[in-house]
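Student: Mind having a look at this structure? Questions to follow.
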């Protein structure tokens, strides 16, 4: 066990310091914004320092473990720890949240509450990724929903209450299945109930019971990921939410579903995962094509980007179902890659709305000349979204593609068919990405703003855009930087399916 509680400090620091926001003067919006930004930067630096100096990349076992008895009556432990699977999402969470707080500077209504909720969400997400106890994982998973619901219902478009209610109904419905699965696994078998990940990973279940547990967890994670047909909350939520909230939703929240699928369904329930993986691959391939063909019909800019997110999540599902080192590494790389790309696209969609007050593509046009910086950034990020070689999306999708082709678990003809469907999805992606650019930036200017002389991206917006773009280019050129974090852990997970 680790002697110094690094992870507890990392989890608790944002919400504890965030609660002090309410002690700052009400009129001091600027002070409060700088305070929130400083908390996020300090947290990111602390996380980076901890991982650089106290984490060994070549060790697939859980590191920095903390194990404190919390509630004696229930024998409930505060168990934290990280491995190669959780280190990437935790760093991604810190990076995206820091930039989202900077993106949220135009928010003036109830700004104190807004920034506190962002920091509370930050704590919940890091807690979910670093939990080593199933009940603690569930509590963090649920705790994180409260600030998300409030951010969606209080700031955003005219239908924000409808979209927030839809979001909470879907996620709360999924959480019921998650709770049943957690309690079922914890209470099964041994005389002493345990919820420790390490103990549960070595426990075996009757196949029928394992399948029941698997389905429960799958429904909960399918809502978050999302997997069709449980995806309908996502376009509505993205269409109405403030763009800094969209950055957190697209960049981190969806990835929690993928993380749960690998951490619980793959690691704890490998026999059931073997049975369900062909179905996951088929659903993933259908999802890529369905979302990519639905996206061009969306006139709302943010809804179009939301459907592109659903399509890209299909690659993660296929990677998880491929049961191969290459495929799972590709899925983890896609989690990180799409975190940056999705957050950047929603940020730029929001900044364009700030200027022209329009979200519908058929009302735009000719924006390239008055807004050249926005045009350049959105063009590059659209290329990243459609997996242009040299950018992170290309490497991730290519690894998933090779992962399914080289998988030893499937026959040749099904593999060729799935690869063909994935290729169709890759062809459909440029259609909605490039048509979005054409409708926004080319042709005649269709809109009238009260003041024709509106400004292009300022220094703050350029800084956020470039900060999101640099990792996309960096991962595209040198993907080993991310893959080296998870490769040992991935080998350990996949070995269960061949030697167990």
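A Cβ is built for glycine as well, from the same backbone N, Cα and C atoms used for every other residue.
Features from Swiss-Prot:
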| type | residues | note |
| --- | --- | --- |
| TRANSMEM | 37-57 | transmembrane segment |
| TRANSMEM | 87-107 | transmembrane segment |
| TRANSMEM | 111-131 | transmembrane segment |
| TRANSMEM | 134-154 | transmembrane segment |
| TRANSMEM | 167-187 | transmembrane segment |
| TRANSMEM | 208-228 | transmembrane segment |
| TRANSMEM | 242-262 | transmembrane segment |
| TRANSMEM | 272-292 | transmembrane segment |
| TRANSMEM | 330-350 | transmembrane segment |
| TRANSMEM | 386-406 | transmembrane segment |
| TRANSMEM | 416-436 | transmembrane segment |
| TRANSMEM | 462-482 | transmembrane segment |
Student: Near the transmembrane segment (134-154), which same-chain residues lie under 8 Å Cβ to Cβ, leaving out any that are not at least 6 residues past its ends?
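Tutor: Distant contacts of the transmembrane segment (134-154): 76-80, 110, 113-114, 117-118, 120-121, 123-125, 127-128, 160-161, 163-165, 167-168, 171-172, 175, 178-179, 182, 185-186, 195, 197, 200, 237, 240-242, 245, 248-249, 253, 256, 260, 264.
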Student: May I ask whether the transmembrane segment (167-187) has at least three C-beta pairs under 8 Å with the transmembrane segment (87-107), counting pairs 6 or more apart in sequence?
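Tutor: Per Cβ check, the transmembrane segment (87-107) does not touch the transmembrane segment (167-187).
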Student: For the transmembrane segment (242-262), I need the partner stretch with the highest count of C-beta pairs below 8 angstroms, choosing only from 111-131, 167-187, 208-228, 272-292.
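Tutor: Ranked by Cβ pairs under 8 Å, first place goes to 208-228.
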Student: Which of 37-57, 272-292, 386-406, 462-482 shares the most C-beta pairs under 8 angstroms with the transmembrane segment (330-350)?
Tutor: 386-406
Student: Please determine whether the transmembrane segment (111-131) and the transmembrane segment (272-292) are in contact (criterion: at least three Cβ-Cβ distances under 8 Å, sequence separation 6 or more).
Tutor: no
